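Here's the structure, in structure tokens; my notes come after.
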């Protein structure tokens, strides 16, 4: 059956849950998560800019991650909240296409950026005397540019390829946002090539980075064990654990959401996983980095006028 919205060129987002009475609960939880995401990530960006002690490569990349998370959630959450608030579940064709490109761009960029951050931790722990020489501003800006442009390239190719599919008037996207797996499910023709490309690209953007990160952490673990002082070991361990937790949260949900066969995976599970990496991960990233980090707590204390170093 051809949907009446096909003529107006809009899509219908079926939403987070199949139970309408839960929508107000989802609205409240997602709104609270989004506000926490804004506050947490803006705080990290501000501290990284305003506090001279945080003008280091680690915080340069961390503020890039926070900027990314802000844009990532903003590309999907406002539309999600609009759809949860009232009966209107439509998104314009242009809005859907924009969301498709932007969401995939930022997701792929985060895949690359987390590898860059692992490299930064590797140099900091394994080559501490050469850290500032190796991680000079030119290299840092170059690595950040590679992350953003690499993600953009991936999105342009994959999203454009997905939009070539015949939708045959099917406009009901069984998700709360326009992303590649949901759009493939919408197609009425043969999607095996699209699924193969999606799996190939996603394998490259997940398995390769995770492998590189794990290998770098094997070297980091060896170096940490050689540090004589307990305090030095603990500091190195803390900064690395924060990054590892973020890595497992992000890649775990992305692999589950993108590498399962697009047509056969459980749809409600798929929605939950999409919700996890689009709402939950960007919210917890700042918490993971700040709760275990004396430097960030100290910078926040100085900014709020406490004027004292943490013990």
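Placed from the backbone N, Cα and C atoms, the Cβ positions cover glycine too.
Residues or ranges marked as transmembrane segment by TrEMBL: 24-47, 59-80, 100-119, 139-157, 196-220, 241-260, 272-291. Per TrEMBL, domain 'G-protein coupled receptors family 1 profile' is recorded for 40-289.
Contact between the transmembrane segment (196-220) and the transmembrane segment (100-119) is present: at least three CB pairs lie under 8 Å, with pairs separated by 6 or more positions in sequence. Of the two recorded stretches, the transmembrane segment (272-291) lies close to the transmembrane segment (59-80), with three or more CB pairs under 8 Å once pairs fewer than 6 apart in sequence are set aside. Counting only same-chain residues 6+ beyond the ends of the transmembrane segment (59-80), those with a CB under 8 A from a CB of the stretch are 13, 16, 30, 34, 37-38, 40-42, 44-45, 47-49, 91, 95, 99, 102-103, 106-107, 109-110, 113-114, 116-117, 120, 140, 143-144, 147, 176-177, 246, 278-279, 281-283, 285-286, 289.
Simply put, out of 24-47, 100-119, 241-260, 100-119 has the most Cβ pairs sitting under 8 Å from the transmembrane segment (139-157).
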